[in-house]
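The structure appears right after this line, and notes come after that.
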Amino acid sequence: MSWLPMLGLTALPHLGGLYGGYVTRKQVKTWYPTLNKPSWRPPNAAFPIVWTTLYTGMGYGSYLVWKECGGFTEDAVVPLGLYGLQLALNWAWTPIFFGAHKLKMALIEIVMMTGAVGATMASWYPVNRTASLLLTPYLAWLCLATSLNYCIWRDNPDEDGKEE
């Protein structure tokens, strides 16, 4: 039974990813193609592959921190609390961007998420270096995603001709 926490914590981020995929699926075929996007954006097919990899890495990293802290203990409050914050921000971005079509709000949200991931990495490093390093590709991807979100917001004024 000692493998259950590892599986559960590794799988946890994927729950938000599945919901995000559900929200995104229709929008990628209807609304998203109408947006002006930079030429350097990754192809749509890359996103599920990248997110599956990133969710698995962050989930496994959370397991390593949980294990090192002895479970959900007082020592785990800050590192796992920051992890939970960034995960909640992660799960919220897709409904804001793809569901509500709020490009500026999504940009503000992804900047906060990126900061929360950086704080999570800093809090994880003294607990488990490997766990912290597992978030490095995630942080790099968020830098790209933040730039993409910014360009899409900048290049797509709302229906009234004003940026939101």
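Numbers run from 1 along the shown chain.
Glycine is treated like the rest: Cβ placed from N, Cα and C.
Copied over from TrEMBL:
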- 6-24: transmembrane segment (TRANSMEM)
- 45-66: transmembrane segment (TRANSMEM)
- 78-98: transmembrane segment (TRANSMEM)
- 105-125: transmembrane segment (TRANSMEM)
- 131-152: transmembrane segment (TRANSMEM)
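Across the candidate stretches 45-66, 78-98, 105-125, 131-152, the maximum count of CB pairs under 8 A to the transmembrane segment (6-24) is reached by 45-66. For the transmembrane segment (131-152), the list of distant contacts is 35-38, 41-42, 50, 53-54, 57-58, 60-62, 64-65, 68, 97, 103, 106-107, 110-111, 113-114, 117-118, 120-122, 124-125: same-chain residues at least six beyond its ends, Cβ to Cβ under 8 Å. Listed as Cβ neighbours of the transmembrane segment (45-66) (distance under 8 Å, sequence separation of 6 or more from its ends, same chain) are residues 5-6, 9-14, 17, 20-21, 72, 76, 79-80, 83, 87, 124, 127-128, 130-132, 134-135, 137-138, 141.
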